[in-house]
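J.: Structure below; questions to follow.
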Amino acid sequence: MKRHEMVAKHLVMFYYFAQHLWPEQNIRDSFQKVTLRRYRKCGYENLQLRKGCKSVVECKQHKGDYSGLNQCLKTTLSKIFQCNKYVEVFHKISNSNRHKMRHTENKHFKCKECRKTFCMLSHLTQHKRIQTRVNFYKCEAYGRAFNWSSTLNKHKRIHTGEKPYKCKECGKAFNQTSHLIRHKRIHTEEKPYKCEECGKAFNQSSTLTTHNIIHTGEIPYKCEKCVRAFNQASKLTEHKLIHTGEKRYECEECGKAFNRSSKLTEHKYIHTGEKLYKCEECGKAFNQSSTLTTHKRIHSGEKPYKCEECGKAFKQFSNLTDHKKIHTGEKPYKCEECGKAFNQLSNLTRHKVIHTGEKPYKCGECGKAFNQSSALNTHKIIHTGENPHKCRESGKVFHLSSKLSTCKKIHTGEKLYKCEECGKAFNRSSTLIGHKRIHTGEKPYKCEECGKAFNQSSTLTTHKIIHTEEKQYKCDECGKAST
């Protein structure tokens, strides 16, 4: 049988479909380059139809819309619509038409609220739902609502723990296909998203978007409660949970709850001990790729985040945000117990332990307990003897990068932290905080034995020796001991 080709613009059904679906926008989609191949005689009036339909014109079903006409056509017919830009084949004219629109700059569907335009009606509908926050699909477990049933189904996997998508390389499972695709790039080292500004490549488009803000300096998402700003909408949403105190994600192992699913996932590694991300430079392993990326900057010395006020650079964006508060004097985090304010949430959390006396972090080696996880990590190095941070100036080695930074300031003489009261400058923010207590008269460290209070924890430690009558310092010459 001879094969004929027919240019789609000659088909009445195409013109009818476009005119019927979008009459207001007056869309006349061009089909001259789209070819429809068939094995019978060309001409729309001779299309093979189902029983009872003599011609397209007489067919009653197609008068409603295009889908009706499509039902009339025999499914065995070869209907191939090829996109000109990419070699993609479609078995439905609607799919071909929808796909082609993505390559054009014509966006005929406009949102009346924000004036944003879209090339497809479905995209506009989706956009409107987000704007009006019409959440049709609700989670029965926590009451959280979603715009789409597919999003609800994905969300439900958080509660059920279902992870149907497994990595063939390492066996790790995920609850979403997108997460598996993203994970696979760890093994392939593929980085398809490249920054046009500096050439740096990333394995996620979201990471590139976040990175671009380094160059623009844009922080568009602002918290109404504490005026803190973020470069990502997701980070603002996460931050808001601090104010509400809501913690939806609970660890089945120990019962600890978190306000983010990612934090729960991160926490679970404490129980499993799993560390997938290894540093090629020193062999140290991490449970998060982002932590590995930050760690690598210790070796490279890269500090991409620079303060416009004083020129100081940082390895992490969060460190720059915290640093800026030194210049602005902003202290959004206040202690409900004593009214003291802080420029960082972590500092407030650390401060609260003074009132509670809680020490949840215990060393598995010697049993010593700490009020901060960072303090426990620092302590653990006593047992391992690890000192990865070396000062090039003095040759001194440190187990913490912060200690190395302090050492470097001794050589440079740099003193960034200045007291507004007397003008005295310091090379560490913690020293400035301790110094300020001289002016305020604050003494947060109290002796349980006699009730005497001190402005520094080290002074309290020294004072406690009086009660224990411990003679720590002995003279080698005469043997006399003193406190």
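Residue positions begin at 1 at the first shown residue.
Heads up, the Cβ atoms here are built off N, Cα and C, so glycines get one too.
Quick caveat, the model's predicted, so the values are computed rather than measured.
Look at Swiss-Prot and you will find 109-131, 137-159, 165-187, 193-215, 221-243, 249-271, 305-327, 333-355, 361-383, 389-411, 417-439, 445-467 (among others) tagged as zinc finger.
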J.: Run through the zinc finger (109-131) and tell me, per DSSP, how many residues are helix, strand and coil.
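T.: Computed counts for the zinc finger (109-131) are 11 helix, 4 strand, 8 coil.
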J.: For the zinc finger (361-383), give the DSSP counts of helix residues, strand residues and coil residues.
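T.: Secondary-structure composition of the zinc finger (361-383): 11 helix, 4 strand, 8 coil.
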J.: With the zinc finger (305-327) as the reference, which stretch in 137-159, 193-215, 333-355, 445-467 has the largest tally of C-beta pairs below 8 Å?
T.: 333-355
J.: Which sequence-distant residues neighbour the zinc finger (193-215)? Criterion: at least 6 residues beyond either end, Cβ under 8 Å.
T.: 182, 185-186, 231-232, 304-305, 317
J.: Quickly jot the same-chain residues contacting the zinc finger (333-355) by Cβ under 8 Å, restricted to those at least six beyond its ends, or write none.
T.: 226, 242, 322, 325-326, 371-372, 442, 444-445
J.: Given a Cβ distance threshold of under 8 angstroms, which distant residues of the chain, six or more beyond its ends, lie next to the zinc finger (445-467)?
T.: 354, 434, 437-438, 483
J.: For the zinc finger (249-271), what are the DSSP-based totals of helix, strand and coil residues?
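T.: Each residue of the zinc finger (249-271) counted once, the result is 11 helix, 4 strand, 8 coil.
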